[in-house]
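Taking it in order: structure first as C-alpha cells, then the write-up.
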Amino acid sequence: TSKVSVCYTEHIPAGFAFHLQSWTVVPDFTHHAHTASLSAVAVNNRYVVTGSRDETIQIYDMKKKIEHGALLQHNGTITSLEFYGTSHLLSGAEDGLICIWNTKRWECLKSIKAHKGHVTSLSIHPSGKLALSVGTDKTLRTWNLVEGRSAFIKNLKQNAHIIKWSPDGEKYVTVIANKVDIYRLDTASITGTITTERRISSLRFITDSVLAIAGDDEMIRFYSCDSQKCLCEFKAHENRIKDIYSFEREGQHVIVTASSDGYIKMWNLDLDKIRDGPSLLCEVNTKARLTCLAVWLDQASEIKENSDKTATSSQETEDEKSSIVRTNKDFWTTKRVKILKRKRKIIPEKQKLEAPVQKKKKKQNSSA
C-alpha cells in the first residue's frame, strides 16, 4: 500500500512516494512547470493542480504521471485552489476573481468578481452548494454555487488570510493574523476564538471538533473547537512550519507537515491519547525551500482523505452534485460560459513528469 506526498518548492513541484507499510520514502518526480514560486496546491483522486506567482495553474495527471496542461484565466498570483470531488475546481487569485472549472474538459464555467482586493482564501462546503471566500477588502463572502451568485457578505475588522469549513459542514473558521474565529453555519455567529502567540500560517481540521494549528514557529498545537483549549503542543521542526495536511488510515490520523527547514514529516496521532502528542512515522529532507504541501492518495490503497471525507464518502454525493448541475442549466450553460470558453487558454501538451534529479543520491539520503 502506498501513496504519494507531493511537496512544492520555490519553483519546482516535486513528489515523494511514501510506502505506508514500511514507512520508507523515495523520490517520485520533479517537474519544471512554473517560472515563479508556488503559492497554492490542491488534489483530488486523479489530479494535482498547482498555482503560482506566474499567474498560471498547472495540472498533473497522477495516474498517468503526465503534465495535463495549464489554465490561464487569472491575472495575478494564484492564492487558493480547492477541488469539489471529481467534477469541479475553484480557483482564487490576486485579481479578485473566483473561477469555477469543470475538471472533465477543464473549461471555465464561470468567472466571479468576488472581492475588490485579492482573494486570500476560499473553501467549499461538503455539500458542494456553498463556498466561502475572504479577501483584502475585509469581507467574508458566502457564494451560492447552485446559482453562481453572492448569497451573503460579512464585513470583518481586519483582512482574513485563511477560511475553512469543518468536515461535517456545521462550522467554519477564519484566521486573522494570530486569531482563529469559529463560526456556526446555522447562526453565522462567532461561537469561540482561539488566539496564539505567533501569526498562523496553516490550519487543518483533524476531526469536526479538533483543529491542528501551525504558526510562524516550530510548534504544532491541537485545539478543541468546543472549549477553545489547547489539547497538546509539540515541537515538529527546527524552523517555522509552512503547511499541514492530514488523512485517515485504519482508524488512525496521519498528520503531514512541511517546514522551512526543508523537511517533510509524517506523524501518527491517536485521538484517545492526544495529550501525549503524535509519534513520528518517517521524514525526508527535501533540501529545498518548501512553500506548500498536498497529499495525493493512491486509489489502490484503502485510505480515506480526512478533509474530503464528507464530500466524497458515497456515490450519492456525486449523484446529488450531478443533479445540481443538470437542474441548473441557467447557471452552468449561460452565454457567459460560452464567452469564457473562447477566452480560456489551455496548453494541451501532455509531457511525462521528469525523474527526480540525482535520484540515486536522494534515495541514499532518504533511506539514511
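Think of each number as a place in line: the chain as shown, counted from 1.
Cβ atoms are placed via backbone N, Cα and C, with glycine included.
Nobody curates TrEMBL annotations by hand; they come from automatic prediction.
Taken from TrEMBL, the feature repeat 'WD' applies to 31-63, 71-111, 112-153, 234-270.
In terms of DSSP helix, strand and coil, the repeat 'WD' (234-270) has 0 helix, 26 strand, 11 coil. Taken through DSSP, the repeat 'WD' (112-153) splits into 0 helix, 25 strand, 17 coil.
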